[in-house]
C-alpha cells in the first residue's frame, strides 16, 4: 500500500522529545508545592520506617542560637548537613537528622532587657523566674521561625521533635553532667584573671571573644632597683613596657627571660627636660634598647652586660611606691618563658590579677616568693563594673572624688590610664609614652573591649589527675589523635588549642541559663551528696532549671542538711557547657540515635567552640570523644572576597536568593564551592550557577522527553552497541567516583563530575551522536532501543545521585519519569554491574574521540567560512597515518559519530590544505561536500533518497521507518 508522501508531516513521524517537565524551573513556586507534598505524604516518617532496620549513621547537629532569622552561614551549614544525611540515607543507612537549638545565654537576655527599657521597666524589679520565662518564650518563637526557614532550604529532619537546650529534660541532663564533674573533684572555685565584659557584667570564655584592631595608650615605666649584689645597680632602673597602663596598680613582679641578652645602659644625652636624665642607668634587652631610646628621644650608652643569674637576685621598688601611703612591697624578678624580645623592653610588667601568663608565672614562683617574704595572694584591683577597688590604693573608693573607672558601661575607656600615668609622672617613673594600634579582645556580642580581671569563678581543671594517671587535657588530646578531621588540618588546630587552653571558666553572672546547681561552703568546698543531687535532678526534670531560683529552693534541695552552712551557688553555666553536653541528652537519650556520633559538622570557628566544649565535656565524664569525625566549613565572603557586613551593604540574604531563584540554586552554589575554605557569593556568582543549572536541567529534560518513547524493553549487555557499552563504562566509573566522594564529603567533586558528564559526555557527545537514531529509526530498531535503555540507566542514576544535592529538581524530574513513585528520596543508590567496567573500550573510544575532535574542528572551520551550514552537509575525507588510531575506528560508523552525511577514511597522504590539530598526530581532514539529496525527514544527504517510490523525498532508512510506523497505526 502506498501513501501520498505530500500528506505526511514528517515532524509528526519522529520520536521527538515529549515531556511536561518545563524548560524553566519556576523553582520558587515549584519548591513550595513539593514541600507541601512531602509534608502531606509524611516523607520524613516514611524515610524512618523504610530505614528502621539499617545501620544508623548519625550527624549530630551543632545547635544554632535561637535568636533572629537565619543568615548565610546557617544556610550553608544546614545544606551541607542535609546533603550528608540524604546521601547516607540513600546508600543503605538509617541517617536520622535531629535539628537542635541553643537557647540560653546573654543575647536573649539582652533582647528582653531591650524590651523592658522600651517599656520603661527595670529588669531588677522583675522576678527572676518571670524574666526567665520571657527568655524561654522568645527562644521558642525563633525556633519556630528558623525551623520553617531551614525546611524551605530543603532540609529534611525531625523538625517536629527537635532538641533544645532549654527543654526540661535537657536542663536536667546538663545539670547531671555538671554534677559528674563536681563529684569527681574536677570543679573548683578559684581566683583567676578572666576576660571580663564590663558592658555585659560577665566573664567570657575564649569562644565568646573576637579580636579587632584597637588603639591603646602605651607606656614605658621605670622600676627602681631596691636590692642588688652589684653596687653599680643601686639607683638603676628596670624598664618595662605595657599597653594597659591601668594594670600598673596590680603589678607584683617583673619577668625576664634567661634566653635574652640584657645590658646596663646610661643616658648619654636627652632632648627632654622631663623623663630620664643624663647619667641615669637603665636595664634593657640589648635588641630593644635603641628602639626604646628613640621613643624617649635620648641617647643611650651601653655600660656592661647583665646576666640572667644577676637579674634573678634583683629586687625592685614598685613604681608607685609611697603613693597614697601604699605600694611598699618589694618586687621580685621572675624568669619566664613567655618573655620575648619582639617588642617592648625585654622586661614584662607582671600583674597576676590581669593576665593569664602573669597569673601562671606568679603561681609557679609562689613558694619562692613566700621565702622572700612577699605576700603571694592575688588582689582584686578592679570590680565587675570596671571600677578600682580598695586593692588599688589611691585609685579606689577611698580616693577623693570616688573610685576611678577603667572602662564604662558603654565599653569606653575611663580615666584609669590618665590617672595612673599622672601618678607615674609625679613619681618620676615614666620613661616614655605613645599609642599603638593592635589586635585586642572584644566581646562577640557587644563588640566592646574586654578586660582581664581577677574574679572568683568556678572552673573545670584541665590538669587535675583523674585517678587513672590522666588529666582532662591528656584525655582530650588523645581523643583528638583518634578522630578523623576534614580537612585534616583541623586536627592539629584543635590539638594546639587544647594543649594551650587554660582551665575552663564555667560560671557566668547572668540570669538565663542552667544554674551551677551546687552548694559550697565559704572556702569553696563543694557539697557531695547524692541525695541532694537526686532531688535537684528530679525537680529539673519536672519543672526545669527555674526550680533552682524558686523561693525556698535551698531548703528544698538540702533537705535535712539545710541547717548546715552550705551556700547555694547562683551563677549560671557557660552556654558552651550546655551545647557541649548535648551528646548526653540527644545521642544517648533518644532511641532513634546513637552515641557517639559519626560526625560533627560546623564552621571552622567551632574548633574553639562546640567541637572543643563537646570534647572536653565528654572526656571529663566518659574519657573519650562524643564524635568519630569532625568536618569544618569556612565562612562566606562577598564576591570580592570581603567579609560580609551590613555597614558595607554587601550581605547576601539566603531568603532573598530562595525567593527570586529558588533553594536549589543556592544548594547548587554550595555544591560547587570548596566549602572547607572561605567561599565567595554575589550576583555574578549566582548567575553562573543559574547558567549551570539550566544546562543540567535541559539535559534532564531532554532525557525525560526521549524516554517518553521508551517501552522498557531489556537488551542484554552483550547485545549492546559499543558506544552504549562505552557510556555504561563511564557510568561505572562515575559510580565509583561518586560513592568515594560522598564518603569523603567532597561534594564539589561529585557536582563537577556530573556537570561535566552531563554537558560534555552526554549533551555534546552521546546524545548528539544518537539523536538521529533516536528520532528517526524504526520502532523495531535495536540501536534505538539500546540507546533508550542506556539513557534510562543514565537518567535514573543521575537523578538519584543528584537527589541529595538538588532535592527539589530531582524530585520533580523523578515524578515526571515515574508518576506512581512516592519520591526519589525513598530510592537507594543502585549497584553497578561489574561487566560495565571495560577499560579496553574506554581506551578505544579515547582514540575515536581524538579523530572526531579533528573532524569537528574542520567542520567548525567550514561553518565559520560559511561553506556549510549544518554538519550534515559535509562528507569529509579523513586521512589517518597513525595505525593505532586507524585500528580503533574499525567497524564504526564514523559518519554517525561525527554527525555527517558521509565520511571516508583513507591512509593516503593528506593534501597540504587539510585541516589538522597539533595535539592529534597523524590525522588530517579534507571537508568535502555531501553528495546526494537531502532527506526531508532526517535531513541527511544520501544517494538513496527516493529509492522507495512511495516516499520519494526520504532515504531508504526513513522510508522503512515510515512503513513500520504506518503498519503499527502510528501515522
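Using N, Cα and C of the backbone, Cβ positions are placed for all residues, glycine too.
If you look up Swiss-Prot, you'll see 602 marked as L-isoleucyl-5'-AMP binding site. Other Cβ atoms within 10 Å of the Cβ of residue 602 (L-isoleucyl-5'-AMP binding site) number 22 in total over all chains.
For residue 646 (ATP binding site), no same-chain residue that is 6 or more apart in sequence has a Cβ closer than 8 Å to its Cβ. Residues annotated as ATP binding site in Swiss-Prot: 646.
Annotation source Swiss-Prot lists motif ''HIGH' region' at 64-74. Beyond the motif ''HIGH' region' (64-74), the same-chain residues lying 6 or more positions past its ends with a Cβ under 8 Å from any Cβ of the stretch are 101-103, 105, 107-108, 111, 138-140, 142-143, 145-146, 149-150, 164, 603, 635-636, 644, 651-655, 681.
Look at Swiss-Prot and you will find 643-647 tagged as motif ''KMSKS' region'. Across the motif ''KMSKS' region' (643-647), the prediction's mean pLDDT works out to 81.
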For residue 646 (ATP binding site), just give me the three-state DSSP call.
coil
The motif ''HIGH' region' (64-74), counted residue by residue under DSSP: helix, strand, coil:
3 helix, 1 strand, 7 coil
